[in-house]
There are 2 protein chains.
Amino acid sequence: MVFHYPNGQKAVTTTSSIPSKKRKPNFANRGMVLEEAINASNRYYAQRNLAVVHKKPTPIQIVTVDYPKRSAAVIKEAYFKEASTTDYNGVYQGYYLDFEAKETKNKTSFPLRNFHQHQLDHIKACIAQKGICFVLLWFSSLQRCFFLDGEMLLEQWESRERQSLTLTFLEEQGIELTLGFAPQIPYLLGVEQYLQTKEQNTHGK
Amino acid sequence: MVFHYPNGQKAVTTTSSIPSKKRKPNFANRGMVLEEAINASNRYYAQRNLAVVHKKPTPIQIVTVDYPKRSAAVIKEAYFKEASTTDYNGVYQGYYLDFEAKETKNKTSFPLRNFHQHQLDHIKACIAQKGICFVLLWFSSLQRCFFLDGEMLLEQWESRERQSLTLTFLEEQGIELTLGFAPQIPYLLGVEQYLQTKEQNTHGK
C-alpha cells in the first residue's frame, strides 16, 4: 500500500528482513528538514521571479525496469549513486549560483568531514568559471544557519589545519542568516552581502 | 545477473511479461546517443577548465527501499517523474548556461511537440534572471545539429503559428554546429556566437 502525504507526495517505505534495532539508519531522510526548508525557499524565490534555483535529483543507477501492461514503467532494482556535483544550482540576476547545505548536531563547531572531496572539486571548478559558490551550514541544536562562501571553505579545506570550522570562525567569517517564514532560509541575502563585500574589496585594491 | 559494459557502467535490463513484439518502446534509451555526445562534450570542457556543465539526474519517485544485511540499499520500487527544468545547466566564464537537447528523424523540420510547457516556462524564468538559455536540435537523419537561443524558441512557441521549426528557419536563425571529435558537440561556439550577436545588437541600439 502506498501512503500519500497531504502534499500529494508518496511516502518512502522501508522493507527489511533485519530486526528494526539492527537496521541501518535511513540516510536518505537525514537532513530532510533542512532540504525541505531550502526547497521551500527556492519556491518562494521562483514565485516572486527573484531567482531560479533547483535541487538536483538524487542520482540513481537503474538496473532493472519492468514495463507492466497498460501501466507506467516500474523501476524494480536500482541503487543510490554518489553525486558528482553539489545539490543546488541556478541563476540569480545573471549570477550562476551553486551551493551545498549541510547540518550538524554539534554546538561549537562544524565538522569538515560533512563535505566530500568531489564537492570541493566542483566548487573550485565553478569558482574558476566565476560562479558564486557557497555552503549553508545548519546547526540543528542551536537553530542557527551560516552562509560561508566557497573561497573561504576551500581555504579551510586545503589548509587541513582544522578538522572543523569553529562557531567563532563562522560568526566572524560567515554570514549568519536569520531564519524566517518566507523564505525560511533567506540565502539570497547572504549572496547579496557576499557580492557587496567582494565589490568593496575589489575597489579597495 | 548484472552485466557490465566495458566502461564499468551497469547495463539496464528490462523484464516484462509482455511478448517482445507488444512491448512498449524503452523511452529511457531514446536519444541516448545524443545525450552521450553532450555528456562527452561536457567532460571535454570540464577537463580543460572551459566550462562546468552537467546533465541533471533523471528525477525518480522512490517508493520502496530495501536495506539488505551488509549490502548497499536497494531501491525495489520507483517510478520516473517528469523533470521540472531542462536537462543541462552550468557555468561558463560567469555566464549561467541552461539548455535542453532534442532530436528528430524528420528531414525538413523540427516538431515543436518535442518540447513541453514546463521546459519553456523554465527557460523563460532563466532568461528573466539573465541566464543564457538555448536548445540543441539534432536532425539524426541529416546528422546536423543546430543551436537555437531561448528567446527565439520562446517567440516561436508563443506565436503558436508554427507546429514546427523549418530547416530553413533554423539555417537562418539558428547557429549550425559542426560536429567534431572533441568536443563532439561544440556548443560553446554557439554560446560565443550568440553572445557576440547580442552584444552587437546592444551596441547598435
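Every residue gets a Cβ built from N, Cα and C, even glycine.
Among the features that TrEMBL reports, Mg(2+) binding site is placed at B:T85, B:D87, B:E100, B:Q119. According to DSSP, B:D87 (Mg(2+) binding site) is assigned to coil rather than to any helix or strand. A C-beta separation below 8 Å, combined with a sequence spacing of at least six in one chain, links B:D87 (Mg(2+) binding site) to B:E35, B:K55, B:K56, B:F99, B:E100, B:A101.
In this structure, B:K102 (site 'Transition state stabilizer') is part of a beta strand by DSSP. Residues annotated as site 'Transition state stabilizer' in TrEMBL: B:K102.
Taking a C-beta cut-off of under 8 Å and a sequence gap of six or more, B:Q119 (Mg(2+) binding site) has these contacts in its own chain: B:T85, B:T86, B:E100. In sequence order, the binding-site residues from B:T85, B:D87, B:Q119 that place a Cβ under 8 angstroms from a chain A Cβ are B:T85. Taking the centroid of the Cβ atoms of B:T85, B:D87, B:E100, B:Q119 as the Mg(2+) site, the other same-chain residues with Cβ within 8 Å of it are B:K56, B:A83, B:T86, B:Y88, B:D98, B:F99, B:H122, B:I123.
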